[in-house]
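Chemist: So TrEMBL says this about it:
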- G15, S16, G17, K18, G19, T20, R132, G177: ATP binding site (BINDING)
- 35-64: region 'NMP' (REGION)
- T36, R41, D62, L63, V64, G90, Y91, P92, R93, Q97, R138, R149: AMP binding site (BINDING)
Amino acid sequence: MTTTPARLLIIGPQGSGKGTQGVRIAEALGIPAVSTGDVFRANVKDGTELGVKVKAIIDAGDLVSDELTGAIVRDRLEQGDAANGFLLDGYPRNVAQVNDLDAFLDGRGEPLTAVIELSVPREESIHRLSLRATEQGRDDDNEESIAKRLKIYEDETAPILDLYRARGVVDAVDGVGSLDEITARITAALAARGIAAAGSQSLSA
Ligand code: AMP
């Protein structure tokens, strides 16, 4: 069986479960999940220079600059564990970031091989985000920030899917269901592209 390298992007609105599914899929494929949101949150938590710089931006639900975010992602993708594939979560998030990422990946001759579009209705996203706010206490899961982030998603992030659709790499996956069901849907979509864990029949098993 031929296998396609797993250079993946998972994309969906806040509360779509993309972080959770991204980690599951990445683990099953033996590739790192690279979440820009997680990188920023870890830096805020540790009080690093980067964390201090981005905390107010994140709490307000605004986007960190393309320049800073792009540099973090490039640096991460250059690490050895990403040599055989990676799963991006939360980057790219607008057209400028797609162009930055293209320049980097095309320079290596290693374009994305699949983009998983996880769709959930808006009301479901908002419901899951308010649950998460209670459970995890994230500073950016307040009503104002949630509304802003969903609007940025609709205005700036959703349109990048058209760019990827034109390349034939997008798999639309229904994000409503149990965690295992959704993982199985993503697994099946990736398998259809020849992206699968070595020797495994199913990622969700
Ligand atoms: P997330 O966990 O992906 O929702 O990201 C949390 C926050 O981190 C976002 O609301 C932004 O403030 C920031 N962030 C994450 N990824 C990016 C990105 N690609 N570009 C700009 N800001 C980002």
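Glycine too: its Cβ is placed from the backbone N, Cα and C atoms.
TrEMBL does not curate its annotations; it predicts them automatically.
Provide an account of the burial state, proximal residues and distances for the features listed.
Modeler: Reduced to three states, the DSSP call for K18 (ATP binding site) is helix.
Model confidence over the region 'NMP' (35-64) is summarised by a mean pLDDT of 95.
A sphere of 10 angstroms centred on the C-beta of V64 (AMP binding site) encloses 17 other C-beta atoms.
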Chemist: Go through the binding-site residues S16, G17, T36 and pull out the ones with a Cβ less than 6 angstroms from some atom of ligand 1.
Modeler: T36
Chemist: Measure from the Cβ of Y91 (AMP binding site) and count the other Cβ atoms within 10 Å, all protein chains considered.
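Modeler: Here the count is 23.
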Chemist: Of the residues named as ATP binders, G15, S16, G17, K18, G19, T20, R132, G177, how far apart in Å are the Cα atoms of the most distant pair?
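Modeler: Max Cα-Cα spread across the ATP binders: 17 Å.
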